[in-house]
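Since the structure comes first, as C-alpha cells, the remarks are kept for the end.
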Amino acid sequence: MAAPGKVAAFRLPPLPTVGDIIKLFRLKAQKQLSQNFLLDLRLTDKIVRQAGELKNAHVCEVGPGPGGITRSILSAGVEQLLLIEKDARFIPGLQMLSEAAPGKVRIVHGDILTYKMEKVFPKHLKKNWEDEPPNIHIIGNLPFSVSTPLIIKWLENVSKKDGPFIYGRTQMTLTFQKEVAERLTANPGGKQRSRLSIMSQHLCTVENCFVIPGQAFVPKPEVDVAVVHFTPLVQPKIQQPFELVEKVVKSVFQFRRKYCFRGIGTLFPESGRLKRTEELMMTANVDPTLRPFQLSMSQFRNLCNTYRKMCDEDPSLFVYNYREELRQKKMRPLLKSTSQLEQTEEENQL
C-alpha cells in the first residue's frame, strides 16, 4: 500500500521486453530512415531524467519506434503521453503499451515535420512567456536525417511563440549525432561553432547532457549520440525576426574558413557590394578579419540590428538572393551562345 497522503507511483504491468517487441512484430531498422533502436532501459531512463520532473506532466515523444523511451516516460508518472510516429510498423507495439497504461497514451501516425502542435495539449497548461516553463515536455530519440531540419523548425516556433511553444517556454530533450550536439552548444572560437550554434543559443539555453556510445544502439551507428536539453529564453539574445537572423547567420558562415567580410558581402548585390559591406561592418563594429566562428553573440546581434536598418531603408535588400544572382551570372554566357547559334541558323536558312 502507498504511504498515507502519498499517491502510489505508476507502474507498468509485466510486458515483453523491447527486444521481444522487435522480434514479435518483425521490426527492422531502416537505414534510409536513419533508424537506430535503444534497448537498454537504464539509458532510456537516464534520457528521461534529463527532462526534469515529469510527474503529472504532459509529454510528447517524437519517433518512439519500438517504445524504449516510451516505457521510461510512463514509469516517470506522466499525466498524458502523446506519441507521434511516422513508421506504421511500430504502431501495433505502441498500442500494446497504450493498453498497459489505460487513458494515458495517445498515438498519432504522422510526420512530426508537418504535424500541427498548436492544439495537442490542454488549454489550462498555458503559461505566460515570462513565467516558469509549462508542465509540458518534448522528448525524442530523433533519426539523424530529421534532427537538424526539425530543430530549426522548432527554433523558428520558439522565435514566433507558436507550435508547441504557444503554451509557453516548452522544454525539449532530444538526441543528436554527437557532432551536431557539439555544434548546438559550441562557444565562440570553438571549431564546431556554426549556424546551429547561433540560431539555438540566441533563443534557448542549450545543454549537452551526456553522450551515448554508438554500440548501445541497434543497429550500431557509425557515430556516438548526445542528449541535448533546450529551455527557451524569456528574451532572445537577438531581437529581430527569425528569417532575418537566419539570413545574416547563414551568410556569415557561407565561407567558414575565410574572413567574415567575405560571407557578409553575400547579403548585398554585386553592384555596391563592397561599399555596403564596409558600411555594415563599420556600423556594427565588427573586425572584418575575424573568421565566422570567432564572432560573439553580441557581434551577431550588432550585425543583425544594422542589417535590419539597412533593409528598412532599402526593402529590396532583404529579398536579394546571392545564389540566385550567381546562377543567373553563370547562365548569361550560355544564353548568349544559344542566341548566337539561333541567329547563325536563321542566317543560313535565309
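Keep in mind that glycine also has a Cβ here, set from the backbone N, Cα and C atoms.
Listed features, source TrEMBL:
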- N36, L38, G63, E85, D111, N141: S-adenosyl-L-methionine binding site (BINDING)
- 43-234: domain 'Ribosomal RNA adenine methylase transferase N-terminal' (DOMAIN)
Roughly how wide, in whole Å, is the group N36, L38, G63, E85, D111, N141 that binds S-adenosyl-L-methionine, by largest Cα to Cα distance?
21
Count, for each of the binding-site residues E85, D111, the other C-beta atoms lying within 10 angstroms of its own C-beta, and report the residue with the smallest count.
D111
Would you mind checking how many other C-beta atoms are within 10 angstroms of the C-beta on L38 (S-adenosyl-L-methionine binding site)?
21
What is the Cβ neighbour count of G63 (S-adenosyl-L-methionine binding site) at a 10 Å cut-off, with all protein chains included?
22
Among the binding-site residues N36, N141, which residue has the fewest other Cβ atoms within 10 Å of its own Cβ?
N36
For the domain 'Ribosomal RNA adenine methylase transferase N-terminal' (43-234), the mean pLDDT of the predicted model:
95
